[in-house]
Amino acid sequence: MLKVVSVEKDSVAEKAGVLKDDLIIRINKNKINDLIDYNYSIAEEEILIELKREKKNMEIMIRRREGETLGINVEPLKIRRCSNNCSFCFMDQLPPDARPSLFVKDDDYRASFLYGNFISLSNMTENDYKRIKKMHLSPIYVSVHTTNPSLRAEIMGNERCARIKEDIERLIKCNVKIHTQIVLIPDVNDRDEYISTIEDLSLYFPDIISIGVVPVGLTTYRYNLKPIKKPTREWAEEVIKMSEPFQREFREKFGINFLYLADEFYIIADYDIPETEYYDDFPQIENGIGMVRRFLDELEDVEIPDFSGRTILVTGVLASKFILKLEDKFRENGLKAQTVVIKNRYFGETVTVSGLLGGWDIAGMLYNYDGENVILPPDVLNDDNLFIDSMPLERFKEIVKKRVYIAPRELSKFKNIVQ
């Protein structure tokens, strides 16, 4: 059964009589256990819901127009936890007072399908594969890291991770498409291991539709963890140069790059960000692959709202030179703006992405700057308006005493930032 957490006002579900706290048993005779079952079962325009209300079972028929939503919000997934022990896991490097939700290690194929979370496949059961095939849960996002069985088992801390090729082939038999990820670690799964992994994964095209490569992320909180080398400019340049021949080959054979490097590689190496064509349809933009290129493309036509007073543009170290270009757009429109680069003291200065800036780090730095407006990066807050260091947005506003805005992920929506 699945609990109804809310029913939207004036929705077809409300008009039909569905109430908050109802328990959904079946929809169109399909048993409902989780959000996947629910989404799968509500595709029809006529929906028969069997539910339980205060120990009483009842049925409600809902008829809706094409494209009309039901208006039922159900409880979230009960996430399947990760049983691996990856040497590079970011969650093992969190400060103790980070947002509580960050400490939940998920390895759940349902979250992979619904939200694009990368999974290891090490905890998959036969029933999981059957369900994926039956419901055509595609695409699935898989963390590969290496196709070397013993190395993958070692760096992921689980012998079951050694069977990655077999797991990928089992998933392919379910007729789904796969996005893959490699977290690249200096002197561990790079160089010859990296080349071998790319060659192996390319054999599964077009069932595997992308390979995303991101550099390992390291914080100062690596207590009792295996030492890992920090990505350097020389190393990032080496990765780029090793990847380019593959990308040319894949472009010729597959019609797409297939292999995509995270923006961070190009920034660390001090290379130009690739052109738009490099990213094809941006298959892994949520993984930090192509975000800067999309920002630069949209920057050309960005509409700047008429802010009153000076505006402070907050950014992390990694994206700072690109945010300076946005500052120039403010000036071109006759507006006062200043980019403020925040060093990450919460995680340590090795962490340079804007989305991992803590509220206290930002607030402490803004104390030194004059301005009436503050624009924060898009991903510094979660859905509960908490920074990664658990500071609430309202507390942040009280401290900085400025008008606070959250930048949209897409610059095309920047004009709507002031409501």
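Quick reminder: no glycine exception, Cβ is built from N, Cα and C everywhere.
Taken from TrEMBL as is:
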DOMAIN    4-53  domain 'PDZ'
DOMAIN    66-211  domain 'Putative radical SAM N-terminal'
DOMAIN    214-406  domain 'DUF512'
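As a summary of secondary structure, the domain 'Putative radical SAM N-terminal' (66-211) carries 59 helix, 21 strand, 66 coil according to DSSP. Over the domain 'Putative radical SAM N-terminal' (66-211) the predicted model carries a mean pLDDT of 97. DSSP states for the domain 'PDZ' (4-53), grouped as helix (H, G, I), strand (E, B) and coil, give 12 helix, 19 strand, 19 coil.
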